[in-house]
């Protein structure tokens, strides 16, 4: 009789604990819906804000599928068709370029650029040749080692 009484008391205590925990969970859930009463409501921002859509073509905030401005080439094409060519402006620009190229300072810079380009090409060719020679030496050395191994194996 005592064992059955102990078992029933333990079951009753377990049931009381389960009911209390269920009540506390319900109270927390009810408070969870009311964020103003939550103790961390001022500390943590509970609302998740989506980041704007970003890509390389349009930037951030809009997608490519949205209608946008016409391509730049259409604007340029229309401007060229509407405006007649100004030959005077074009000829002035060309004459300025010719005058600039005739100056000695520009000629000196052009010569320096060309000489640096030639030096760069010479360095590239020299490095290629050095690479070829090193590869050739490695191949010859590998062939000698292979021959020595074959001679050792044949003896």
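For all residues, glycine too, the Cβ spot is worked out from N, Cα and C.
Feature annotations, reproduced from Swiss-Prot:
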type	residues	note
COMPBIAS	141-155	compositional bias 'Basic and acidic residues'
DISULFID	54-60	disulfide bond
MOD_RES	60	cysteine amide
REGION	135-155	region 'Disordered'
SIGNAL	1-23	signal peptide
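In the three-state DSSP assignment, the secondary structure recorded for residue 54 (disulfide bond) is strand. In the structure as shown, the Cβ atom of residue 54 (disulfide bond) sits within 10 Å of 10 other Cβ atoms. Secondary structure of the region 'Disordered' (135-155) per DSSP (helix as H, G, I; strand as E, B; remaining residues coil): 20 helix, 0 strand, 1 coil.
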